[in-house]
Amino acid sequence: MLPWTALGLALSLRLALARSGAERGPPASAPQGDLLFLLDSSASVSHYEFSRVREFVGQLVAPMPLGPEALRASLVHVSSQPYTEFPFGQYSSGEAVQDAIRTAAQRMGDTNTGLALAYAKEQLFAEAAGARPGVPKVLVWVTDGGSSDPMGPPMQELKDMGVTVFIVSTGRGNLLELSAAASAPAEKHLHFVDVDDLHIIVQELRGSILDAMQTQQLRASEVTSSGFRLAWPPLLTTDSGYYVLELVPRAGPGTPRRQQLPGNATEWTWVGLDPDTDYDVALVPESNVHLVMPQHLRVRTRPAEPPASAFPAPPAPEEEEAGPARIVISHARPRSLRVSWAPALGAPAALGYHVQFGPLRGGAAQRVDVPAGRNSTTLQGLAPGTAYLVTVTAAFRSGRESALSAKACTPDGPRPRLDPRRPPPRPGGREP
């Protein structure tokens, strides 16, 4: 009876393992996609800063699964004209990519980020240029925060193609503009870090990139003011289950919308949505065969485009509503500092300003309102030896706002002084 008992136990064990695997579902596939690094290589970046950024990018890609059937990497410089250091597919190993990053030379010139983004769209991410169809696409833009040309429209075109955009700013630039340029939510895709502290975000950013590169990732593309297209890889079959798509406006009392789709579906287009609105999307696979976790995505529709007859005449240059042209940090103390700013020349007078500030390494942000006619304020209650991101926003009569950000650091506090009249403490901490 012993052989039969052993055989029965072996069969029971195999059945239990098979059932356990079915409950867990199919194993997660390896990341696959195209990863483009866009580096500010212009004269606004010092050679030291560029070398630290180059080191940071090398650390990011070091453990990534690079290869022809996995992740492909490319590096493009932002300068007067975009320059490709190496395109997708040139290197098939992580070591080769790191060597190419290590030897990349700074290009100098102007910071034409918009031109580089349009170049990336047409020459690297477009299928007509050889991009792989159906794989996730990620852009990591490392910048000192400025751009010599408009970068909003080409960045939006990339996001409409389904490109996930991460932005790493070394502490300067327009916070509102960069938040709008990064993929939503901005708190996950936008990092303000001092150039000497870039190593702090390497692990977090690498994890976010790999998450975006998973082939089982829900993606949005063809975003308009009234809808967008969703796509996902085949997670089920017609016989193994079905999908439930849920769409909920993030703000406001909008009614959730739901759509049931067969198990062989891999895309759906939502229409009839509100312009300039954040929507939370959930893809819920329902299956009795194995467990597949729901996927979530946040998508913002584009602003409504008025008819051609509704476009007003372009304002004269002197009436452009521009925010502060320059921020100056002075009188830095361990727990306070002074922020001053210069309004843009020729811009209409602002109704007032508000100054937001918070620690670069995380923490609650605070706000100080400054009335019109003043261009400075003192920030109180700061922590000694801490780097802060300070954003000055000008509010105008039209309702628009324009902002500029800068990094500020408080010095370390003074060390406690010993009373010369008191003898030093004895060993062991006891005083005489």
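From the backbone N, Cα and C atoms, a Cβ is placed for every residue, glycine too.
According to TrEMBL:
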COMPBIAS  414-432  compositional bias 'Basic and acidic residues'
DOMAIN    34-213  domain 'VWFA'
DOMAIN    214-307  domain 'Fibronectin type-III'
DOMAIN    323-416  domain 'Fibronectin type-III'
REGION    301-321  region 'Disordered'
REGION    400-432  region 'Disordered'
SIGNAL    1-18  signal peptide
Within the domain 'Fibronectin type-III' (214-307), residues counted as helix, strand or coil by DSSP: 0 helix, 42 strand, 52 coil
Integer mean pLDDT for the domain 'Fibronectin type-III' (214-307): 85
Secondary structure tally of the domain 'Fibronectin type-III' (323-416) (DSSP, helix then strand then coil): 0 helix, 55 strand, 39 coil
